[in-house]
Amino acid sequence: MVQKMLTSRGLFLILTMLNLSQVPSIMGEQRWAILSTFPKPMPVRHDAIVFPKFFTTNKTVDLPYLLYDPTAPLGENRSLLEQGSLCFQINGPGNCINLTARALGKFNEHRGWVSTTQDTSNVEITFTNRTFWQEVNWVNGTFLPPNFSDKEHLHQPKIAPHCSLEDEGLILPWSDCQSSIIRWVDQSKTFSFSPNMIDDPEKEFVMKKGLFIQDFRMHPFHKWVLCGVNGSCTELNPLIFIQGGAVGKASFTGISRFAQYWGIHDASQDSYGYTNTSVEITGFNKTLVNQINYPSTPVCVYPPFLFILSNDSFEVCSNDSCWISQCWDVTKNTRAMVARIPRWIPVPVETPSTLSMFRQKRDFGITAAMIIAISASAAAATAAGYAMVSAVSGTKLNQLSADLADAITVQTSASTKLKGGLMILNQCLDLAEEQIGVLHQMAQLGCERKLEALCITSVQYENFTYAANLSRQLSLYLAGNWSERFDETLEALIAAVLKINSTRMDLSLTEGLSSWISSAFSYFKEWVGVGLFGVATCCGLVVMLWLVCKLRTQQTRDKVVITQALAAIEQGASPEIWLSMLKN
């Protein structure tokens, strides 16, 4: 039974191969295949096209939220490069983005003076200390550490408007705005971040010590935008309470110190100037809104992104030192690297196919025939002009020669333009046909062959689009032999025009019956040759048409015989009689 099945399958394979030999097909071409890979997280680099979106696990923070996901061992030994990768660390050495707990505030317009003290012991300098109170929306959470040495002005892709919002009485007044004050977050300068809470450390509004270390005018509740070098950005606001923290609205007490130098002329400050101005927030004055405390809140990412977690360097990762999870809990792991799992990978494979994806492109035969016909007609007109030279009187011949020269000159210019126009038209037709073919192919995209972990599509690997090849072929065609012959024909035509234009007949030689008979015979001989050439061309076309019809009839007959043979195999009968018809 098994032998019979093998024999039947062998005959079926032979008939299938015979059938393939009768019709055009694509054999052994490379196709795009979709390979299902084993999940292996790859670090997200600074030049990645897409950055992940971060989520918090606390709904009350008013930020994007996801449920907490447990951790699992990494399952292998790997060495992950930290520099240039999107990774974070909590107050430790390494090349990841450093995060630290710090207090930041959005200082409102409500402000008042408490007291002022002055030191006038020096005649030229007066030191003034002003104690003030300031209303502020403050947050004690996780942020980038301050950097007093970075004064570089950067630019980020604008994913949100720049704006300043009114105080609406919220405890966490998150805005949908993006700050224009930007800084680098790593020493290799691969990631930029906004808002930079210290724009210029030397400005008088910067608080370098006290409860808040920041620029007095900055707004920490804007979008925390982290961007890579290729314009990919993400928001880090969900990391605010990853170590826990608190938030509230209160009034703080601060001290503003500055010195007045008397006797120094300044156009903007009359007879004195200010230097060494500093602002420092020293402590609470009174609480306006109750403080809200938050525990350590893990941050999560959505698949296909995940975290690779560790408490040591990522350069040496093992199954015991690194873990993977959708969420990062700093109470368990102080370092996290964002990774992405490429679940499906496109790969080129070589496989036989019975699909005829696209019909063959039309060549430029029609264009060449039209151009050659134009050249032939121009040459025939030139020959007719030569023949008519002796058939008319000498007086009219000079005028005819000049008119013929002008006409052929115009036709030469028109033929050159027509050549370029027809080439452009052919290219447009080929490009339109290619686009229709690609749309048809994409509309019917599926698995031509589906294996356990591999889907072989019908999309050709090298010839997915023929547009570039068509343009290249067009350029080669224009520079080929046909184009050279066409240019030679035009040059010969121009030479003939010049020769006709330089022809001047003597009136004494234009009379006589013998000369007229000779010219008439020459004229008749030229047109007889043109007629015979046309008859021969028509006969050749008829013979070619007959051969094509005969070939199509033979192919139709062979397909019917093969179909009958396949039907005989399915019914258990012998297909030998049908195969013998193919041999005959």
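Cβ atoms here come from the backbone N, Cα and C positions, even for glycine.
Quantities reported herein were computed from a predicted structural model and do not represent experimental measurements.
Within the set Asn19, Asn276, Swiss-Prot records N-linked glycosylation site at Asn276. Closest by Cα distance to Asn319 (N-linked glycosylation site), from the glycosylation sites Asn77, Asn129, Asn147, Asn311, is Asn77. A distance of 30 Å separates the Cα atom of Asn230 (N-linked glycosylation site) from that of Asn77 (N-linked glycosylation site). When the glycosylation sites Asn77, Asn129, Asn140, Asn311 are ranked by how far their Cα is from the Cα of Asn147 (N-linked glycosylation site), Asn140 comes first. Confidence annotation: the topological domain 'Extracellular' (29-527) carries a mean pLDDT of 73 in the model. Every protein chain considered, the tally of other Cβ atoms within 10 Å of the Cβ of Asn319 (N-linked glycosylation site) stands at 12.
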